[in-house]
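As recorded in TrEMBL, the features of this protein are as follows:
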{"type": "DOMAIN", "residues": "69-410", "note": "domain 'Amidohydrolase-related'"}
{"type": "BINDING", "residues": "H78, H80, H248, D322", "note": "Zn(2+) binding site"}
{"type": "BINDING", "residues": "H78, H80, H248, D322", "note": "Fe(3+) binding site"}
{"type": "BINDING", "residues": "R87, Y150, H183, Q251, T327", "note": "4-imidazolone-5-propanoate binding site"}
{"type": "BINDING", "residues": "Y150, N324, G326", "note": "N-formimidoyl-L-glutamate binding site"}
Amino acid sequence: MRTLITNIKELIQVRETPIAKVSGTEMALLPKIENAYLLIEDNLIAEFGKMENLPEISVDKTIDATGKVVLPTWCDSHTHIVYAGNRVQEFVDRINGLSYEEIANRGGGILNSAKKLNETSEEEIYNQSKLRLEEVMQQGTGAVEIKSGYGLTVEGELKMLRVIKKLKENYPVAIKATFLGAHAFPTEFKENHSGYIDVIINEMLPKIAEENLADYIDAFLETGYFSIEETERIMEAGKKYGLTAKIHVNQFTAINGIEACVKHNALSVDHLEIVTDEDIEILKNSQTIPVALPSCSYFISIPYTPARKMLNAGLPLALASDFNPGTTPSGNMNFVIATACIKMKMTPEEVINAATINGAYAMGISETHGSITKGKRANLIITKPITSYYQLPYAFGTNLIDEVIIEGKVI
Ligand SMILES: N=CN[C@@H](CCC(=O)O)C(=O)O
Ligand SMILES: [Zn+2]
C-alpha cells in the first residue's frame, strides 16, 4: 500500500541522517521542507522532498495537504494511562486548600488509586484504559510509555501489566511497558519498607520476567516515598532481568536522587520540578535524558522544570504528559507543548524536538520513531490549514489536528 501526501506547506522535524536525540542549542533547530511531498509505503516513510522534485509514481491513495503542516506524531514517554476510576474528589479537596501531600497522608493519592485498581477486574480496567489510549491517539500520540504502579500487590501489578500487554496487541501505537511496583508503600508495609521491596524483587519481578510483561523499571524516588538506597535496590534488581531504569525523581524535593539514577545508567529521570546546580552537572556527559511533565505542574500547582537553565547547560530535554488520575488527568501532548512554551519559556522548535525525537529516545525507540526519516515508522500528524507550526503551541486549547496516521494508516 502506497500513500502519497502532496503540497505539504511545511514538513517539519526532517532528519535525513538519523539522530538519537538533540541537546542544548541543537534543540532550537527544527529542520523543515516547505512545499513538500511524503510517500508512505506500508507502515514506513519511503521518500520525501520538495514538490518540484516529486517523481512520477503510482500510488493507492493521495492526501492533499495544501496549507497544512505535517510532523511526526508525539512520543509520550511517561504515562500512567492504565488505572481504575478517577480521583475527582481529591481535585475538589485541593481546590478547597489541601495539598497533594496532605491528601496522600490521609490515605488518598496513589493508595486511593491502588484500592480502586485492586477492586476492579482486568477486563474493566482494559475497557477504561483503552478509551484513554484512543483519545490520545486522536490527539496525535503515536508512541506511548505506560507504567504499572497502582497495583502494589503481586496480583495488582500483574493485572496492570497484562492490560498494557493487551493494549500493545490491539493498537497500532508503539507501547513500552514500565514496571512501577515501587510507586508507594502499601499501608501494611508502612513500617516495613524492606519487606515490600522484598516482595517487589522476589515475587513481582520474577513473574513479570516470566511473562515478559515489562520493558523498563521505575520507582518514585522522593522524600516520604522511596529513598536513594531503596531505589538503588530496585534498579539493581531490574537490571538482573534486563530492565533499564526510568525514575520518578525531584518532583517535590532534591535529595541527590539524580546522581544515583545516572550511576545506574537510567534511561531517563522524570519530573525534575526541583533541580539543583549539582543535579545539572551530573546529568551533563551522561546518557540519561531528563523528562519534564508540565501538565503535572499545571494541575497540582507545583514549580515547572527549569528548562531554560537545563538547555543552557547543554542538556537534552524530553516532554511527556504524565497522564494519571492524581496529578495529571490529561494525556494531551498539544497542551503539554503549549504549556512548555508558555510556562517554561521553551521555543516552538524546542518543544517539538522535546515531544518527538527526545520523547522517542526516552522510550528507547528513536531508531524507529520521532522524526521524518526514511525507513522510520509512518507515524504522522497532518494539521488543519495553519499559518505555521508556531500555531500549534500558540493556539492552546484549539484542536488543530486534521488527521493522524499511525503505521501508515489514517486512524
Ligand atoms: N509522582 C508520582 N506518580 C505520579 C502521580 C501518582 C498519583 O498521584 O496517582 C506522577 O508522576 O505524578
Ligand atoms: Zn508519573
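Cβ coordinates are placed from backbone N, Cα and C, and glycine is handled just like the others.
Along the domain 'Amidohydrolase-related' (69-410), the predicted structure has mean pLDDT 97. Counting other CB atoms no more than 10 Å from each candidate's CB, the binding-site residues H183, H248 peak at H248. The N-formimidoyl-L-glutamate-binding residues named in the record, Y150, N324, G326, extend over a maximum Cα to Cα distance of 11 Å. Closest to H80 (Zn(2+) binding site) by Cα-Cα distance, out of the binding-site residues Y150, H183, Q251, N324, T327, is N324. In this structure the alpha carbons, written CA, of Y150 (4-imidazolone-5-propanoate binding site) and N324 (N-formimidoyl-L-glutamate binding site) are 10 Å apart. With a cut-off of under 6 Å between the Cβ and any atom of ligand 1, the binding-site residues H78, R87, Y150, G326 reduce to G326.
Cβ proximity to the Fe(3+) site centre (mean Cβ of H78, H80, H248, D322, cutoff 8 Å) flags the following additional same-chain residues: T79, K147, D270, H271, L293, C296, A320, F323, N324, T328.
Ligand 2 lies under 6 Å from the Cβ of the following binding-site residues, listed in sequence order from R87, H183, D322, G326: D322. When the binding-site residues H80, R87 are compared by the number of other CB atoms within 10 angstroms of each CB, R87 has the fewest. The number of other CB atoms found within 10 A of the CB of Y150 (4-imidazolone-5-propanoate binding site), across every protein chain shown, is 30.
Note: N324 (N-formimidoyl-L-glutamate binding site) has non-local neighbours T79, H80, I81, Y83, i.e. same-chain residues 6+ apart with C-beta under 8 A of its own C-beta.
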